[in-house]
Amino acid sequence: MKELETLKNVKEAECAYVLFIVATFWITETLPLSVTALLPALMFPLFGIMSSKAVASSYFKDFHLLLIGVICLATSIEKWNLHKRIALRMVMMVGVNPAWLTLGFMSSTAFLSMWLSNTSTTAMVMPIVEAVAQQIISAEAEVEATQMTNCSGSTNLGLEMDECVSEHETNEKKEKAKPVTGHSNDAGKTSSKLESGKNAVTGTKYRTKKDHMMCKLMCLCITYSSTIGGLTTLTGTSTNLIFAEHFNMRYPECRCINFGSWFLLSFPAAIIILLLSWVWLQWLFLGFNFKEMLKCGKTKTVREKACAEVIKQEYKKLGPIRYQEIVTLILFVVMALLWFSRDPGFVSGWSALFSEYPGFATDSTVALLVGLLFFLIPAKKLTKTTPTGEIVAFDYSPLITWKEFQSFMPWDIAVLVGGGFALADGCEKSGLSEWIGNKLSPLGSLPVWLIILISSLLVTSLTEVASNPATITLLLPILSPLAEAIHVNPLYILIPSTLCTSFAFLLPVANPPNAIVFSYGHLNVMDMVKAGLGINIVGVAVVMLGMFTWIVPMFDLHTYPSWAPTVNNGTMP
């Protein structure tokens, strides 16, 4: 008996060592994340924790089938430019007032990010935003030059701009020669760097500080709204999918987490965070004038006319909606409806038609069904000319091809997530999860709200320096046994932790969308830190609010569920 106990302790220690190595490599990115994710497949068999066959099966789960179906949809949307049409149409609907324009870009970006990856959404929208910003700056410069010409007879705009720039640079040199503590000196230094970086990209100068602030605002609103939009659906971001797969594997008797239930719990939070982020960013960079915003029917400014014109021209370039876009849109709506109606919870869904096999059909079943249609439905006929001069159809091209799908498929994420599942299985097999749960059981004496707050802040901090998928993959095997040890509904801790994993707002390297907007040269690190810190606080506060209001009745969070294991560690509910 003593030997068995010693062997168990050895396995726990060996698994903890593997977990430590993988976590260190993920955080420091010593190796590519997906390569590090393969370490459990190498180390678990060598330590005798899991056989090679068993650990290999952990690398491909239901999650991967769901991902394949979603990428089929994303490939078709981007191939036929449906995403650009949706984004431009939504921006045209909200108008061209600077504040409403920003909200329009945020809304369209968030909506697209619900169905596409955050990275591809940001990469698609940013060129449009940059074109709008540059058009505004150039239009105002032309009007100003015209006004000055009318007043003084003639004006050399190029000479005027050079003099403005020279004066600006001279002032900056004076500031550097005479250091002053405070924000203004830092802003002056970083402004100089940004302008030189901006010239290298587009060759244009900021006419005024307001133009510079507008560019910063529009960049940040895109990256943050793409992240916020990804919160709302299980497929919106990889962290949501990782959570769903981990939860369903660990608690197979609970069928409460699906596309519909996740949307209902996260959508209100995302809307609140999006609106508060809009207010915060607007106030931080341009000021927030409610009186100006609410004026209706007033004459449009030069800035607003320039915005409207560039957006209108971009939309015209798309031409009339095409057959391929219509079919993609229909399949998109069908997929969403089938996800929502599979098992809504308040009524019986279509999965009840297969009552002989409860739980067999999942969201991945829907994704694969619709995904396959993209390879079957013809996009256009392929024709050839016969020797007689007759044009005949000999084949057809589908909406997407396998080669196009492969170019969009994030294989690195697929391997990374598989490594996370392997880690979770190894922690379970070795007994490390149970050991961690027992050691964390004293936390049961703390109020539940404080435990949720601590775990949320821990996740939010870690995700700034580690990738979002790596963070959630690392912490889920720790947080699940923690909830069981203190006899709290696991969803109480896992839902806010999963949502907070996406709050990587502080640094350019925190996630790919941040890096994309940073590369345009308008921002410096402190801009992102100031703006991101406020949105991090808003995000955690809104998630905490949701956990104690509308989310509680959805899952009966105050009751320890029968589907969760009972840990006999002396801790009482």
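Cβ coordinates are placed from backbone N, Cα and C, and glycine is handled just like the others.
TrEMBL lists 168-178 with the feature compositional bias 'Basic and acidic residues'.
Summarising the annotation, TrEMBL assigns compositional bias 'Polar residues' to 182-196.
TrEMBL lists 168-196 with the feature region 'Disordered'.
Summarising the annotation, TrEMBL assigns transmembrane segment to 16-47 (among others).
As annotated by TrEMBL, transmembrane segment applies to 59-77 (among others).
Same-chain residues lying 6+ beyond the ends of the transmembrane segment (217-243) with a Cβ under 8 Å from its Cβ atoms: 63, 66-67, 70, 102, 105-107, 109-115, 117-119, 121-122, 125-126, 129, 132-133, 257-259, 262-263, 266-267, 269-270, 273-274, 277-278, 281-282, 284-286, 363, 367, 410, 413, 417, 420, 468-469, 471-473, 476, 494, 498-499, 501-505, 511, 513-514, 516-518, 520, 522-523, 527-528, 531-532, 535. As annotated by TrEMBL, transmembrane segment applies to 217-243 (among others).
Long-range neighbours of the transmembrane segment (263-285) within the same chain, counting only residues 6 or more positions beyond its ends whose Cβ lies under 8 Å from a Cβ of the stretch, are 99, 102-103, 106-107, 110, 213-214, 216-217, 220-221, 224-225, 228-229, 231-234, 340, 495, 499, 530-531, 534-535, 538-539, 542-543, 545-546, 550-551, 554. The annotation transmembrane segment is assigned in TrEMBL to 263-285 (among others).
Under 8 Å from some Cβ of the transmembrane segment (321-340) lie the Cβ atoms of residues 69, 73, 76-77, 80-82, 85, 115, 258-260, 263, 350, 363, 366-367, 369-370, 373-374, 377, 379-380, 399, all in the same chain and six or more residues away from its ends. Look at TrEMBL and you will find 321-340 (among others) tagged as transmembrane segment.
Marked as transmembrane segment by TrEMBL: 360-377 (among others).
Outside the transmembrane segment (448-479) by six or more residues, the chain places 19, 22-23, 26-27, 33, 237-239, 242-243, 246, 413, 416-417, 419-420, 423-424, 427-428, 432-433, 436, 486, 488, 492-494, 496-498, 500-504, 506-507, 510-511, 536, 539-540, 543-544, 547-548 with a CB less than 8 A from a CB of the stretch. If you look up TrEMBL, you'll see 448-479 (among others) marked as transmembrane segment.
Per TrEMBL, transmembrane segment is recorded for 491-510 (among others). Among residues of the same chain six or more beyond the transmembrane segment (491-510), those with a C-beta under 8 A of the stretch's C-beta atoms are 224, 227-228, 230-231, 237, 239-240, 243, 247, 256-257, 265-266, 269, 448, 451-452, 455-457, 459-460, 463-465, 468, 471-472, 475-476, 479-480, 482-483, 518, 523, 525, 528-529, 531-533, 535-536, 539-540, 543-544, 547, 551, 555, 557.
Sequence-distant contacts of the transmembrane segment (531-552) (same chain, at least 6 residues past either end, Cβ-Cβ under 8 Å): 220, 224, 265, 268-269, 272-273, 276-277, 280-281, 284, 449, 452-453, 456-457, 460, 492, 495-496, 499-500, 503, 505-507, 558. Positions annotated as transmembrane segment by TrEMBL: 531-552 (among others).
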Intrachain residues whose Cβ lies under 8 Å of the transmembrane segment (360-377), provided they are six or more past its termini: 62-63, 65-73, 75-76, 234-235, 258-259, 327-328, 331, 334-335, 338-339, 342, 351, 354, 398-402
